[in-house]
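Database features (Swiss-Prot):
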type	residues	note
BINDING	Asn9	Mg(2+) binding site
BINDING	Ser49, Phe177, Ser212	4-aminobenzoate binding site
BINDING	Asp82, Asn101, Asp172, Lys211, Arg245, Thr246, His247	(7,8-dihydropterin-6-yl)methyl diphosphate binding site
BINDING	Asn101, Asp172, Lys211	6-hydroxymethyl-7,8-dihydropterin binding site
DOMAIN	2-257	domain 'Pterin-binding'
Amino acid sequence: MSKIFGIVNITTDSFSDGGLYLDTDKAIEHALHLVEDGADVIDLGAASSNPDTTEVGVVEEIKRLKPVIKALKEKGISISVDTFKPEVQSFCIEQKVDFINDIQGFPYPEIYSGLAKSDCKLVLMHSVQRIGAATKVETNPEEVFTSMMEFFKERIAALVEAGVKRERIILDPGMGFFLGSNPETSILVLKRFPEIQEAFNLQVMIAVSRKSFLGKITGTDVKSRLAPTLAAEMYAYKKGADYLRTHDVKSLSDALKISKALG
């Protein structure tokens, strides 16, 4: 069964829940609720990546993360940190988090030595932007898929050459604005992600929760995307996704239980 990453955004401006969990105690409380709801891993993000985001500095990002990581580690909870800054990734290595989730796919070689010496798994995400937050750009679905496969090939090779054990790498094809503003690109990648698993023989994470392409197809705003999110997540589960990253852990966990019971 797919493992669930429960999202906790310790931010002011994340696209779906910015500001709700900026307070440390609220972030910890929410994380504990997500674990009760069925999350296998808590994915902490302290700097938003939405197209209209305001940049958060390294010091502030670490300040937001540190007490939450400490509290969750004390309870033995598996932790992922969603960050693309090498300095924050170094902090995460020191804190011995279980996963580092990089929306830019680890583009900075200066962090590779530290990554190689660590034990955490690395979520290597693809985006058409390569560097920076998601942007609203038009994309061609087939061209994006071809480019994505080449990107994964090159980045996996670079990490392995630097000493990162290949089996520690998890691939995330990106969704929503990370694939551009054309919803058909996300649909095509969602349909074809098993090709990524087959080509690289690595685990894949799918993160469709509340993403823009779902809203474009259904006409729903961010807070009304539970049904389309769950439909896409269950599709990914049936197609063999190893990890599902979601805001709505309880709904996904319950749906997975029913699907398993039905066989």
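Glycine is treated like the rest: Cβ placed from N, Cα and C.
Annotated features, which come from Swiss-Prot, shown on the structure.
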| residue | record | Cβ contacts under 8 Å, 6 or more apart |
| --- | --- | --- |
| Asp82 | (7,8-dihydropterin-6-yl)methyl diphosphate binding site | Asp43, Leu44, Gly45, Ser49, Asn101, Asp102, Ile103 |
| Asp172 | (7,8-dihydropterin-6-yl)methyl diphosphate binding site | Asn101, Val123, Leu124, Met125, His126, Val204, Met205, Ile206, Ala207, Arg245 |
| Lys211 | (7,8-dihydropterin-6-yl)methyl diphosphate binding site | Met175, Gly176, Phe177, Ser186, Arg225, Thr229 |
| Ser212 | 4-aminobenzoate binding site | Gly176, Phe177, Ser181, Pro183 |
*Would you count the other C-beta atoms found within 10 angstroms of the C-beta of the residue listed as 'Mg(2+) binding site' for me?*
27
*asked:* To the nearest Å, how far is the Cα of Thr246 ((7,8-dihydropterin-6-yl)methyl diphosphate binding site) from the Cα of Asn9 (Mg(2+) binding site)?
replied: 11
*How big is the gap, in Å, between the Cα of His247 ((7,8-dihydropterin-6-yl)methyl diphosphate binding site) and that of the residue listed as 'Mg(2+) binding site', rounded to a whole number?*
9
_Applying a 10 Å Cβ distance cut-off over all chains shown, what neighbour count does Ser49 (4-aminobenzoate binding site) have?_
23
*Using all protein chains shown, find which of the binding-site residues Arg245, His247 scores highest when you count other CB atoms within 10 A of its CB.*
Arg245
_DSSP-derived structure type at Asp82 ((7,8-dihydropterin-6-yl)methyl diphosphate binding site), helix or strand or else coil_ = strand
*Near the 6-hydroxymethyl-7,8-dihydropterin site, what residues other than Asn101, Asp172, Lys211 in the same chain have a C-beta no further than 8 Å from the centroid of the listed C-beta atoms?*
Ile103, Val123, Met125, Gly174, Met175, Phe178, Met205, Ile206, Ala207, Arg245
*Across the whole of the domain 'Pterin-binding' (2-257), what does the mean pLDDT come to? Round it, please.*
94
*Can you list, in sequence order, the residues of the same chain other than Asp82, Asn101, Asp172, Lys211, Arg245, Thr246, His247 whose CB lies within 8 Å of the CB centroid of the (7,8-dihydropterin-6-yl)methyl diphosphate site?*
Phe5, Ile7, Asp43, Met205, Ala207, Ser209
